[in-house]
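Asker: The structure follows.
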Amino acid sequence: MSNINAIAAFIVLLDAQPGQAAPVNGANGTTTIAFKPQDDNRDTLSLIFSCLLTLGLCVYTAVHLNVPLRGQPHWKTRSTELLWCLIGLFGPELVVFAALRQWSSAKELCRRVDQSIIERESPIASPDLSKKVDATVSQVSPSPATVSRQSSVTKSRRYPWTMVHGFYGSMGGFYVEIDEADEGMKGIFGGRSTLTLTAKGVDLLAKYGQLSDISKSEIKDKSKADSLAKFLVCVQAGWMIVQVIARLAENLPVTLLEVNTIGHVLCALTMYILWWNKPRTVQEPTLVSFEKRLLSYMFTASKLSGSQRHRPWFRLARRQAALVNFQYNLPTFSSTGPFSPEEANKSPEDITAMETSSGTTLAGGLFNFAERGVAEPEQVGSFSPQPTLRRKTETRAVDIEKIMSAHDEVLKLAVEALSAYPELAASFEVLETTGDHFGDHLWIKPFVDEFVVDSVSNWPNMELLRQRDRESLVMGAALWGASLVYGAIHCAAWNSFFPSKAEQWMWHTSSIWVAFSALVWIVINLLAIFFKPIDRLWIRFNKRKTYWAVDLVILTLCTLCGAAYIFSRTYLVIGAFVSIRLLPEAAYQSPAWLQVIPHL
C-alpha cells in the first residue's frame, strides 16, 4: 500500500509542477537552454549519462532468459539477449508480462510436483479403497500413487521442490538424450539427438516418479547471476528515484527523459520480484533419463512430431502433433461377450477411474462406456487385448502392426505407453463406440500438449502451465494494472515543457493510448473472470480452434491496436531523448544537498 501511495504522490506532484508547453520562450518568459556544458551543477551530458546508465542496468540485469538451444552458436545466444534488451527498453510491460507468466507457471509446477511427491510417497491405497472404484460414474481422479504401481521403479527424492526448481523446470532446465546406439530409436525422433522438457513434460514425469532429483544449490551453481550488476542497478535506480523526489520537493522541473526512466525503474523492480528465484544465463541443463515408451508418447503428443497444417493466409501456420491424426481404441467388454461370469465379476482392484473432458468416466477399459446420468455402466472382465490406433479417414479398426510402418515406430511405442500408464488417457475425448464379436470398442481422441520441444521459448505460450482460470485472469488484470500505472506516469507529464507543439501532441496521444490499452485489457480480464465463455474463446483462439471469421476479427483488432501500442511505446522512449535538445534553464538546477552525495 505504501508503494501505491508513493506512486500516487509522485504523479500528483509531477502534474502540479510549473512548466510550459510549446512554443519555446512563451509569454511567461521561460528561458531555455539547448546545451549546457559541464560545470559544478547539472549539465546535458551528465543528465543523459545518468539516465542511460540507469536504463541500461535496469534492462540488462532484470532480463532472465530461458536455457538456449543446445549447440546453438554463441553469437545467436547474444543476439537473443540483445533482442530482449531492446524489448525491455521500448516495451518493458511485455517483459513484465513474460515474467509474470513464467512465475505463474513455476508456482503451479511446484504445486503439482509437491502433490505428486506427497501422493507417491504415501502408503499405497488398500484393496478396500480400490474396490470403491465401482460401476457407478464417479468423479474420482486418477491417483499417481496407484499408477506408480504399474510404472517402472519410482525414483526416490532427497531434495524438496522449491520455486528455484519450478523456474528451472519451466525454462528448459531438463533435457533427454536420444539413444542413437539403439537401432529401434534411430531416426524416429526426426533426427534429433536431444529433446527439452517443458513445464508440462516435467509435471508428467513427476506423476510417475521419473523426475531427476536435483538440489537447489546445484541449480544455483549453473546460474551466472551477476551480483555486482544487481547491486549497481539497485543503487543507481534508488539514486534516480531520490533525485526525482528531491526535484519535485524543490519545485524544480523533471525532464521527460527522467519521467521515462522512472517508468523503466518501476518495471525493472517488478521483474526483479517476479524473477527473483529464476536462474540466469544457464547454458548447461540437467540430463534426465526415463523409458522410451513414455518419451515416445510425449514426443507424438507434442507439435515437434507433426507437420505444418494448411490454413488460410491470415491465420498463423500451426504445426500439429502426430497423435492428432489418430484415434485411440480402448477395448471394453460386456458380460454378454465371450467371458465367464467369474471373469466378468473380477474385483477391479487395479483399476484407475478416468474422467474425460466430455464428462464421460472410463475405467481402464474394464467398464462399458456410458454418459454421466444416462445409464449405469456395466462391470466387465479385466482382459485387455493389444491396443489399436486408426487414422481419422478410416472407418474400421486396424491392428497397430498393420497401420504402422517402420518409420512410425515411435507411434507404436506411444500406444504401448498408454497401456503401461493408463492415467495418460485421463483427459482423452470420447468420440464413438463400435462393436465386434469381442465386445465394444471405445474410440477416443488422444490428448495432445507441449511436453517436449527443441528449446523452451522465452515468450510465454502453451508450453507453460496454467493456474486455475480465476487466478490467472486476476493476475492478468494486475499485470495490465501495472501497465496502466506506467502510462499514467507519462500522462502525469502533461504540463511539462515540450520543445514543439507536435512533440507535445505526440506525447499526449502516446501516453493516453498506452494507458487506455491497459485499461481495455483490464476490463476484458475482469469480464472473463465472471463470464467464462470469454476466457474459453481466448483459449480456443490460442489453440487455433476457432472459426476462421473469428480468427480474422481478433487478428485484425490485435494487429491494428498492437501496432498503435508499439508505436506509442517507441515514441515515449525516443521523444524523451529528443526533448533533451531544448530544456528550461531550471531543469539544470539541482538541490544543493544532492551535490555533496557521490553518484553517477
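Indices start at 1 and increase along the chain as displayed.
Cβ atoms here come from the backbone N, Cα and C positions, even for glycine.
In TrEMBL, annotation is done automatically, which means it is predicted and not curated.
Found this in TrEMBL, in case it helps:
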SIGNAL    1-21  signal peptide
TRANSMEM  45-69  transmembrane segment
TRANSMEM  228-246  transmembrane segment
TRANSMEM  252-275  transmembrane segment
TRANSMEM  473-498  transmembrane segment
TRANSMEM  510-534  transmembrane segment
TRANSMEM  546-567  transmembrane segment
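Give me the local environment of each listed feature.
Answerer: Here the transmembrane segment (228-246) has long-range neighbours at 10, 50-51, 53-54, 57-58, 60-62, 254, 258, 261-262, 265, 268-269, 272, 590-591, 593-594, 599-600, meaning same-chain residues at least 6 beyond its ends whose C-beta is under 8 angstroms from one of its own.
Within its own chain, the transmembrane segment (252-275) has Cβ neighbours under 8 Å at 7, 10, 14, 17-19, 47-48, 51, 54-55, 58-59, 61-64, 88-89, 92-93, 95-96, 99-100, 102-103, 167, 230, 233, 237, 240-241, 243-244, 482, 485-486, 489-490, 492-493, 496-498, 507, 572-573, 575-577, 579-580, 583-584, 586-587, 589-591, counting only residues six or more beyond its boundaries.
Long-range Cβ contacts of the transmembrane segment (510-534) within its own chain (Cβ-Cβ under 8 Å, at least 6 residues beyond either end) map to 93, 469-470, 473-474, 476-477, 480-481, 483-484, 486-488, 490-491, 493-494, 561, 564-565, 567-569, 571-572, 575.
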